[in-house]
Amino acid sequence: QVNFVVCQLFALLAAVWFRTYLHSSKTSPFIRHVVATLLGLYLALFCFGWYALHFVIQSGISYYIMIIIGVENMHKYCFVFALGYLTVCQITRVYIFDYGQYSADFSGPMMIITQKITSLAFEIHDGMFRKNEDLTPSQRCLAVRRMPSLLEYLSYNCNFMGILAGPLCSYKDYITFIEGRSYQLRQSEANGKDDTKYEQTDPSPNIAVAQKLLVCGLSLLFHMTITKTLPVEYNIDDNFRATASWPIRVFYLYVSLMAARPKYYFAWTLADAINNAAGFGFRGYDKNGAAHWDLISNLRIKQIEFSTSFKMFLDNWNIQTALWLKRVCYERATFSPTIQTFILSAIWHGVYPGYYLTFLTGVLMTLAARAIRNNIRHYFVESPTVKLCYDVITWVATQVAISYTVVPFVLLSVKPSFTFYSSCYFCLHIASILVLLVFPLKRTQKGSTKQQSIQPVWSRKSENLQKNSYSTTNNSFSQKEEITCRYQALKQ
C-alpha cells in the first residue's frame, strides 16, 4: 500500500513533467506513447515486482487475438480471454496467497486493463464490422474505425497515468489526448459554412488538480483517523447485537459503511488528478465558461452522500466501471440486462463469496427501488414541501439500503455475511420481494442517457451547436459524424 501511494505521487510529478516538456505541441505522438508506456511499466514493476508481467501478457495475447480472429468475432474472444485471465489470477491470489487481505495487489490494475481490453474490442467490432445504422448513438460515437498499432494498444492499456488505479477511458479520448487534439475547436463561419481552421486552446488543469488533491488529503485523513474506530465487523459482534437497540444498530450500520468509503475517494480522486495534471480529462465548458475536468472522473462525492435513490448512488459511484458495464453488457444483453450486468460486475470484482452476495442483493434492491420510483414518486413532486419530505425519506432509505447491501462486500466470506443478514432477519430482502410482488415493474429503455448542463465551449460562439465539436481520433471517420458524436458525448 505504501508502494502504491508512493508510485501514484511519483506519477503525479511525472504527469506535470509530461504535460510541460512532452506537450503535444513539442513532441510527436510516437514519443508520447513510448514514454507513457515505459513509465507505466516501470511503476508497475516497482509496485508489484514481476507480477507486472501479467499486464503485458494479458495485453499482448489480447492484441494477438484481435489480429488473428478478425473484427467479426474478436470482441467475444477478447472478452472471454481477458475476463478469464483476470479470474484465474484472482483465484490464485485469493485462495493460494492471501485470503482476506486488503493489500494493494496486481489484480487491481488487471481489473482496469480488462475493462480497456474488452471496451476496445467492442468499439473496434462496432466501427469495423457493424453497420452504422445498427449502432446506438453512444456506440457510434465510441466506434473505432481502424486497428490500433501495438504501441498504441500498450500505451492505452499500460500508460503511467492509469496503470495503477485507472480510471477507464475510451480509446478515442486517449488517442485524441496523446495526439494533442483534445482542445481543437472547429469553428463555423457566420454563413453556416464550415471553416477548416482550428483554434487551439489549452485550459490549465492546475485549479482542478489542486481541488482534487485537497479532497485526497481530507479523505486520507478521515480514513486514518475515523475509519479504524468504526469497523464494519462490529455490526456482527455478539455483544453489540445483543445489547444495542434497533435504531442504534441501524445508525452504526450507516456510519460504519460511510467511514469505509474515503479510501476509495482517496484512490480514485488521486488517479483523476494524475490524469488531469498530464492534460487529460478536459470535458468542456459550462454556460458560465468554467472548465470541467471530469471527463474520466470516477465518482461524485456529494451526489453519493446525498443520493435519494439506489440508481443515483450507483450512477455516481465508480462511474467509469458503470459505463463499462452498460456498454459491454447492459446495452447488448438479449434478456434480463439488469441481472446479467450485476453478475458480470461480481465476476469482474473477484472471487470472494461476499461479492456475489452483495451483487445478488443489489439486483433485488435495484428492481424494488425502480418499482417504487415508477409507481409512487409522481405523487410527491407537485408540492415543494411534500417533495422535500419525500427526498428526506428516500435519502434515509437509500443510505440504509446501500449499507445493508454492501456489508458482505466488506466482510468477504459467507458465514459473517449470513450472520449479519440473519441478525436483521433478511428484512430488506423480504421487503424488496414484497415490493416486486405488489408493484408492477415497467420495462426500461436500454441505452437512454441522462442529460446534464455541461455545454461545449463553442456554444457561446455559434447558435448551431451541432456543427461544432472537438476533433476525434480516426481520420477515416467523417467530419460531420465526429462533430455530432463529440457534442452528444459532452452532453452525457
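All residue numbers here begin at 1 and follow the chain in the order shown.
Just so it is clear, glycine is given a Cβ too, placed from its N, Cα and C backbone atoms.
Keep in mind the model is a prediction, meaning the values are calculated, not measured.
What TrEMBL records for 34-57 (among others) is transmembrane segment. Residues 3-4, 7, 10-11, 14, 18, 22, 85, 89, 104-106, 109-110, 113, 151, 154-155, 157-164, 178 of the same chain sit 6 or more residues outside the transmembrane segment (34-57) yet have a Cβ under 8 Å from a Cβ within it.
Under the heading transmembrane segment, TrEMBL lists 77-96 (among others).
Feature annotation from TrEMBL assigns transmembrane segment to 354-372 (among others).
Here TrEMBL flags 392-414 (among others) as transmembrane segment.
Through the fold, the transmembrane segment (420-441) approaches residues 235-236, 241, 361, 364-365, 367-368, 370-372, 374-376, 400-401, 404-405, 407-408, 411 of its own chain, all at least 6 residues removed from its boundaries and within a Cβ separation under 8 Å. Feature annotation from TrEMBL assigns transmembrane segment to 420-441 (among others).
Away from its own ends, the transmembrane segment (77-96) comes close to residues 54, 57-58, 61-62, 65-66, 69, 105-107, 110-111, 113-114, 117-118, 121-122, 328, 347-348, 350-352 of its chain (Cβ-Cβ under 8 Å, at least six residues beyond either end).
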